[in-house]
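Data first, discussion second: the structure below is written as structure tokens.
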Amino acid sequence: MASLSLRGVTVNFPFPPYDCQKDYMDRVLQCLQQKENGVLESPTGTGKTLCLLCAALAWRENFRDTISARKIAERVKGEVLFPDTPLSSWGTAATDGDKPVHYSDIPKIIYASRTHSQLAQVVGELRRTSYRPKVCVLGSRDQLCINQEVMRQESNHVKVHMCRGKVSTRSCHFYNNVEESSTDKDLASSILDVEDLVKFGTKQKVCPYYLSRSLKQQADLIFMPYNYLLDPKSRRAHNIELGGAVVIFDEAHNLEKTCEESSSFDLTPYDVASAITAVDRLLVEQAKPTGGGEFSAEDLNVESLNAGLKLDVKDLANIKQILLDLEAAIDAYDLLTDRGLTKPGIFIYELLERAHLTYRTKAAVLEALDQIMGYLSGQPGIFFNTSGLQKLSDIIQLVFSGEPSQEDEQKQMESNSAHFKVHIHQDSSRNKKKQSSDPWTSSSSKKQGNILSYWCFSPGFSMLDLKKQDVRCIILTSGTLSPLSSFTSEMRIPFPVSLENGHVIERDQIFVSVVPRGPDGVLLSSAFDRRFLPENMSSLGNTVANISRVVPHGLLAFFPSFPLMEKTLDFWKAHGHADRIQSVKPMFVEPKGSGSFSEVIDGYYNKVNEPASKGGSFFAVCRGKASEGLDFADAFSRGVIITGLPFPPKMDPRVILKMQFLDEMSRAKAPGVRYLLGQEWYRQQAFRAVNQAIGRVIRHKEDYGAIFLCDQRFRNADARASLPSWVKPHVRIYDNFGNVVRDVSQFFRVAQKLRPVVQKTGAGESCTAPAWAPQTPSCSSSQSSCAQKAKALDAHLPSLKRRKLCEQSGGGGMARICLDYEREVREGPRRPASLLDALEREDGCRGDDGAAAQEKTSRLSTRSLQHDKRMEDELRGGKRKIKLIQHQEQSRSEDLSEEDKTVRAKLFLADMKKSLSKVTFDRVVQALQTYKKTDELDALLTRTAVLTEDANTHRLFRGFYQFVRPHHKQRFDERCEALTGQGCGYKPEHSLSKDQKKAVLLQSGTTAGSSSSPEQKKQLKPGCVSAAERPPTGGGASSSPRSQMDTQQLNGGGRHLSQRGLKEPQAGSSDKNQNQNQNRSSFVADVKKALGAEACALLLQAISSYKKTDDYEKLLTTAVSLLTERDQNLQLLIRFNLFIRPHHKQKFKELLDGLLGEEVSSRGEPEQSSASPKTQSKISSFFTETQKK
């Protein structure tokens, strides 16, 4: 626990705070001490919630200490009790001149957020602190009521009235236990969220709803949703007292919309008709004799009798007449167009006056409506739809707010309606469908009519009302509020304190790219005229599919709207793009309704957590649930794709009127108030939604991820200027999609080595820590494993230069990793010498066994020393004649005994069974059995082609070489190299049958016996010559065993064996060139077959241009656009390595690494890249290129 002093207040913080956190807490204390409103922006992942809680609660404790100090000072009357600690130092900074005399003067802290799920996260953060205030969470009956009879009601207002009826008659036993439980000391000292409160109420048989209201009276810190504060009706219903309170709005980027919606309404024909129907039923009941009929005295229970209707038939008839007149006034307007009719806000009073609704009749009508709703909801066993009556009651309270005198009525009405517009428009088909599906509606409620809308266009209306409640100060905070000046101007109240905080991450933790074109070169745009073009949706699908291969673990993709997402996903399903994405990262789609959202998001989390999976992809919309408040930390969001700009619907009447309202206010130029222009507001709405979605990618200091802005409009400078301040410095614009893949794959290789990933476990096994807190690279990895992962890092990496070697926080031992890395010997990779060697290496990698690792290190070190010794001899200038001899061991592929072959085959099949699914394994084994019967190689190749689709199973495809018959070996090897980029080690003697081998061996033995001495009688492979047969090269060479260098011992037969020391040309070099030409011809034929003649001609033209100009970027653009549209074409892209020149091969390999999601080999050809010397690592060169850009 860290303790720091800010503005004279001691703040206890769970961890040593960052500088940005100190700045944030300092601003919070400034607001509290100076009674000033503040707007504070701090990016997601900087711990703003924890800072807010710690600073506010520390200030409150200091405030209490001030009162204690003054009370003691009054008692002792100047006597010195503590010479070293004067009373003047006890908390005087907290009040800044206030002179409270009672503990009841200590301000309450009211903490509001948009949803209860967000509040639950805040409560979780509070539990991490050392502060234990009295806490209360307010919720609705929907969330807190546990009375099953009440909860069975479908309508919310029916629940309200039924609950009130039971409370008034004390017939709810849960409510009757509230008074006793509210004095429970353990409950008062506990920090409970809504879910905890419901559990407590269920266990103790006490009503959580009224219990929370009881706890509110003594609470120091009260949590509630926005609308409880902003809606005057809700404030009255929950009896929320704001006098002297500190009001905090978290996630305040939604505040503007919430303020406007809480002060607006839409009265539909359905609402009016259902209200008329309810009053009609009550009139019929009142007209019937008491002793008989449907509602007899025996049918009424005690509640309905006590809640008896105090209205006579005349009063009911008056209410019905008001409703009929209101309906007639609204429907009196003949609307010829869909745009409707718009009037100034004050017109609402003229319209309602036609229905006899005025300030003078307000009180009587509200009382009558409340009586009717209470009576109808108390009827046993019968449901009365009173939603229309409730809507009318809410409208009257909103429109006729205040209690003006008769002289001031006009002024009050003008003030109330200054920021409103009245809009009358035809009922939409959606509402008509909703009405007709309601079995309780009468025929009158199903007729078409007009909708009366009364819309607020200034959030300042609600904020001014809040300010009038005499609050101490209002603090607005979020991760996406910029630009602050326009945001605060909308609120219409002053905000003297402001802050735009930076982020806590390093530049190597974030990758931001503008992707204006897809792999096929088509411009990406969600603009109205392009969003549904087939080529645009297809290019976006290819873009997402390729990005899903590069980004590890979880990937989020945000669309501007639900209709656009649905139509795009349907297109992808119909044209195969969805299958490509699904094969790499299973797709999860955000549902429109809230009912199934938890199930979908849990499925995504579980898929990403699966150790064997490559992650998952989650498709959502900006402004949706996934973009607001959900925590996609670490592996759950390594990448965020923004598929377009989510502008509000431009033809929506509310959007049009909002823009007109702002333009009108800007032209009016009220003194001291600056309004946005309508177009400025329109743009801000889009970018605030984008910025909120972008915030899902970085959730704490050690997190990292990539952002892809896939809309060509992000290339504009003004669009990039609207991005968050912590994102703007890292934005890079790409004209070539291939470069995006290359750079982002390199970014993730760097990030994963700097910050090793925790091994994926089940959700219950994951390590837990504060979301933003300093974290170690891994919960379980040792320093040695971290050093192994850091082996490819360069010592001069800029981000590592800034790290102190002795630092104890943040890096989690990174300094020692770097030191270990510098001490380690760089060792080159070694190809497996045989199938069994490969299997042993694979098992060793999976098990990470210490002994195996040590043996591997020893083996690598031995080969490295042998290679270094040979190179040293060459550099000395002495041209030693190397005598090539045949290896003493028998050839692996031709001289193994039948027993050895059987063992090797069993091991191979066991490995294949472990690596493949049961269906694929059975299919491959069946293909092998069929081949043995029919001897048809083409059928075997076709059925085992599934092994060439994934780089992880290429080794299994090559393993089939041992089962192929001799006359097919050469053809299988060529096909293998074409499909996987690496052959099976074919040699001409592999095509010989057993009898032919014996004849060759016999002939070789005879020849050797006639021309060589006995010790030179060795078995020679075709194409090899003995040292005795070679012509002299000058400078006598020793023929002793010491001078005989074993090629198998040098490098295991690897393709990187250098023969530069030999003067004579290598046998078989012409064959290699011939094979290469055959491979290229085969590649062109396969491209023509897969893509068509036109696409093949484009590719050949690009290759021809590349040979002349050496323009790699242009070649890559064409190749990527043609060869990544379908998954099956990725093998063609891998084989395209045949045409890449040596100095570009490294870049091309990095591109393939990114697309395949893992390291790939150089595809059968030696790497001769001269792009950078060995002393420069890939990571260092990557950052150098980034800085140049």
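Yeah, the Cβs are placed from backbone N, Cα and C, and that goes for glycine too.
Lifted from TrEMBL, the feature list:
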type     : residues                       : note
DOMAIN   : 7-323                          : domain 'Helicase ATP-binding'
BINDING  : Cys145, Cys163, Cys172, Cys207 : [4Fe-4S] cluster binding site
REGION   : 406-447                        : region 'Disordered'
COMPBIAS : 437-447                        : compositional bias 'Low complexity'
REGION   : 832-872                        : region 'Disordered'
COMPBIAS : 838-849                        : compositional bias 'Basic and acidic residues'
COMPBIAS : 1003-1014                      : compositional bias 'Polar residues'
REGION   : 1003-1080                      : region 'Disordered'
COMPBIAS : 1038-1050                      : compositional bias 'Polar residues'
COMPBIAS : 1067-1080                      : compositional bias 'Polar residues'
REGION   : 1159-1189                      : region 'Disordered'
COMPBIAS : 1167-1189                      : compositional bias 'Polar residues'
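Per-residue confidence over the domain 'Helicase ATP-binding' (7-323) averages out at a pLDDT of 81. Between the candidate binding-site residues, Cys172, Cys207, the densest Cβ environment within 10 Å is the one around Cys207. Cβ contacts within 10 Å of Cys163 ([4Fe-4S] cluster binding site), excluding its own Cβ and spanning all protein chains shown: 23. The C-beta environment of Cys145 ([4Fe-4S] cluster binding site), restricted to residues of the same chain at least 6 apart in sequence and closer than 8 Å, consists of Met151, Lys159, Cys163, Cys207, Pro208, Tyr209. Neighbouring residues of the recorded [4Fe-4S] cluster site, listed in sequence order and excluding Cys145, Cys163, Cys172, Cys207, comprise Arg141, Ile146, Asn147, Val150, Lys166, Val167, Phe174, Tyr175, Tyr209, Tyr210 (Cβ within 8 Å of the Cβ centroid).
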